[in-house]
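The structure under discussion appears below in the form of structure tokens.
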Amino acid sequence: MSINMRTLTQALAKTAAVIEKTVQTTVQEVTGPKPLQDYELLDQIGSGGPGLAWKLYSAKARDSTRPQQYPTVCVWVLDKRALSEARARAGLSKAAEDAFLDLIRADSGKLVRLRHPGVVHVVQALDENKNAMAMVTEPLFASVANALGNVENVDNVPKDLKSMEMSLLEVKHGLLQIAETLNFLHNNAHLIHRAVSPENVFITSAGSWKLAGFGFAISQAQDGNLDNLQSFHYSEYDVEDSILPLQPSLNYTAPELVRSKTSSAGVSSDIFSFGCLTYHLVARKPLFDCHNNVKMYMNTLNYLTNETFSSIPSDLVSDLQRMLSMNESYRPTALDFTGSSFFRSDTRLRALRFLDHMLERDNMQKSEFLKALSDMWKDFDSRVLRYKVLPPLCAELRNLVMQPVILPMVLTIAESQDKNDFELTTLPALVPVLSTATGDTLLLLIKRAELIINKTNAEHLVSHVLPLLLRAYNDNDVRIQEEVLKRSTSVAKQLDGQVVRQAILPRVHGLALKTTVAAVRVNALLCLAELVQTLDKLAVTEILQTIQRCTAVDRSAPTLMCTLAIANAILKQYGVEFTSEHVLPLIIPLLTAQQLNVQQFAKYILFVKDILRKIEEKRGVTVNDSGVPEVKPGCVADGLQFQTPTKKTEKVASAAKNSPAWDEDWALPTKISAPRDPGPANSPQFNNSTVQSQSSNRTSVPTTCPAVDLEWPPRQSFNATAQPANDETRINAAGTPTTPSFDELDPFANWPPRPNSASTASGGFHNSTTTQPPINNSGSGLRNNLTDGRQFQTTNNDFWAFGNASLSSMKSQQETSGIRASNADPLTSFGIQNQNQGMPSFGSSSYGNQKPQADISSIFSSSRTEQSAMKLAPPPSIAVGRGRGRGRSGTSISKPNGSKQQQTEQPSLLDLL
């Protein structure tokens, strides 16, 4: 049996077609119509069409590789299942549903064929399956019905739509565009729309008003053919048929279409509907609100009075009354309406009209218009600026001749936009300008760079703004270099640190070093000062190298002050140590620059002094005018912290008060300055116990760090000159009394005239500092007095056994230690002399001007030698043992006590000698 190949091929082709159709149907049932397959829905933006049955969604193409006419589009979706359920609830027949769907199909078919700027542009034609219908158009904002507050069939009302308020200027501009579209339909397309209403007028994302909803449209050739003319049937009672509207809304329908027996339906029917729409938009309320009740409609129409038009502008009333006339012949044409004084007398509207057709004008006309617009645009509201003014200006930026004129206005208007708005509408138009700008255009963009920086994200900043700045760095125009340096910091704050170091910082260094213009160098140095806070130490070191090279050839005052600004920024960012090590070596030589005036030099010297002061505070050491260092209590000096051990001194003070022979107010200095009569035999035992108690206290009281011996001269030099002191030191280590130099520690050693007792007590307190922590830099020997004061009682009897040889050795020791002490602290003896000068009561006592005073002092040592030795101030007025060093407040208390004690003890001293 032979096989007919032709028949087999045909059979296979039919089978393949059936399979393909089945597959397509199955895919559509699963994924929906083709527009839903090709585009990804984003958000619902509104609703529109007959009965607001269409849901409008913003969408973008799923295949981003294919070129698209619009970045975003509007997808119209009609849910058949929801429509069928609503029809069943309303009790309507299936035939009514099918008739409505046929109306939708006719609308989309005519919309595809019509090409006009005033008609909604279809991107992808209608496609449907058994569950839904969908088509794709240019991006839309919403329908006019939504803008007027009717948001039926909108699940979530967008924020922009909810807060939308159309100004009269925007309404005028939109009505003028619809009038031009009707003129095109009537005179060019020869169509009668018959359903001009807010549901069928749409606002695009660019702000233009466009016409749709051609389901009821007929050609003018069908006007006189009653057989082909579709008749509308409106009831004489209220009917809500908005679910499946099979005729236009009665509120916007001409009376000749409402009558049951109509002779004709011409273009004047659209003018009547357009008049109703105009009234609604201007008066903010509909002219007819009859709920499809024809009787109410006719009553309202027959009794239109002047009161009805009270809310209409006077220059529109006459034209609007003609448009709403029941007599068709009285109604103006669409073209006539565009010539109304309502439109012609508004200068702002004329400016918007010029912008609509700006691409058709020559450069001379554009220049003249833009000059007038520069003073006029401030009167526009934000919506008009965003949707009416900015889009045509951005489109005109492609004209290189007009860029310097248009760009300032575009950037000024962009200031009123939020960040999202700017990135969606303005930035795409600016990107070509940013990549090609030169000369004055580049200068303008650099001056307004902060606006672009603040309204773009980091990705756009790196891809579009940063290349613009780099071209400005390399430009030879000094003005551009200055401006880009001023804007560098704001860009650097939003960029990654590595990008700043690799792209911006080297170019700023280059401008600072290579330029011959002082203004450019100053701005470059100021830029470096502002960038310090974002840089690491390595980059800051490079900045210091640039400063050194700049100041080597340019020591003008502006350059030097910019250098100081960088130094201050480094000090603030990295502190004193880094600044003193790296910045001060550069700053100090600049102090000798003659270009600095008085105020500028003062700022320089204050900067240096401030650093030195902070270093002193950190070390805890201050140096007075005489060069004497002073260590503050509780501060760190040479890595050690000082803390006054108050517990030990308080115990010594309590022990002193237990002795009946000591003065209760100020015991220790009094006992040291004058020898007392030989005490009872138990005095040595009392002092030994006191010393032992002090030794135990020293080991028990904790300190913050090991003690530092601050006594001067050092012990080894003293021991080398006085062997008895060495012997005494060894005894002190065993817990017995010692006899150190008195001149080094006695606060009253240099008071003139010096009594004999001052020299006799010169062996008391030297080596006690071997285990005692210091107090401060001005009274290091005071605690030695307090600690070893009790030892004097056990040593004064043995002291006289040394004889004249011992006194001679002590005298030489006193001279040596005094000279060394005066070299270490020349202010010490000066302070004691001031205190002595302020104490006349002691000098005028029984030793004041008496001859025996000179004889007594000659026994021990010369008063001149004693005056030259290092002296310490008397202890403070507080309790004994506080260890607060030299203080003048203590002298007022010591004066009467010391004077009184020496007066009472002078006879016993003379008897002893």
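Backbone N, Cα and C define each Cβ position, glycine as well.
Feature annotations, reproduced from Swiss-Prot:
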type	residues	note
REPEAT	311-346	repeat 'HEAT 1'
REPEAT	347-382	repeat 'HEAT 2'
REPEAT	402-439	repeat 'HEAT 4'
REPEAT	499-537	repeat 'HEAT 6'
REPEAT	578-617	repeat 'HEAT 7'
REGION	651-791	region 'Disordered'
COMPBIAS	682-703	compositional bias 'Polar residues'
COMPBIAS	716-726	compositional bias 'Polar residues'
COMPBIAS	756-791	compositional bias 'Polar residues'
COMPBIAS	811-820	compositional bias 'Polar residues'
REGION	811-913	region 'Disordered'
COMPBIAS	830-868	compositional bias 'Polar residues'
COMPBIAS	889-907	compositional bias 'Polar residues'
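Taking Cβ pairs closer than 8 Å, the repeat 'HEAT 6' (499-537) reaches residues 462, 466, 469-470, 473-474, 478, 481-482, 485-486, 488-489, 491-493, 543, 546-547, 549-550, 554, 556, 558-559, 562-563, 565-566, 568-570, 572-574, 578 in its own chain, all 6 or more past its ends. In terms of DSSP secondary structure, the repeat 'HEAT 2' (347-382) contains 31 helix, 0 strand, 5 coil. Here the repeat 'HEAT 1' (311-346) returns a mean pLDDT of 88 for the predicted model. In the repeat 'HEAT 1' (311-346), the DSSP tally of helix, strand and coil residues is 22 helix, 0 strand, 14 coil.
The repeat 'HEAT 4' (402-439): residue composition by secondary structure is 31 helix, 0 strand, 7 coil, according to DSSP.
Helix first, then strand, then coil: DSSP counts for the repeat 'HEAT 6' (499-537) stand at 34 helix, 0 strand, 5 coil.
The DSSP breakdown of the repeat 'HEAT 7' (578-617) into helical (H, G, I), extended (E, B) and coil residues amounts to 35 helix, 0 strand, 5 coil.
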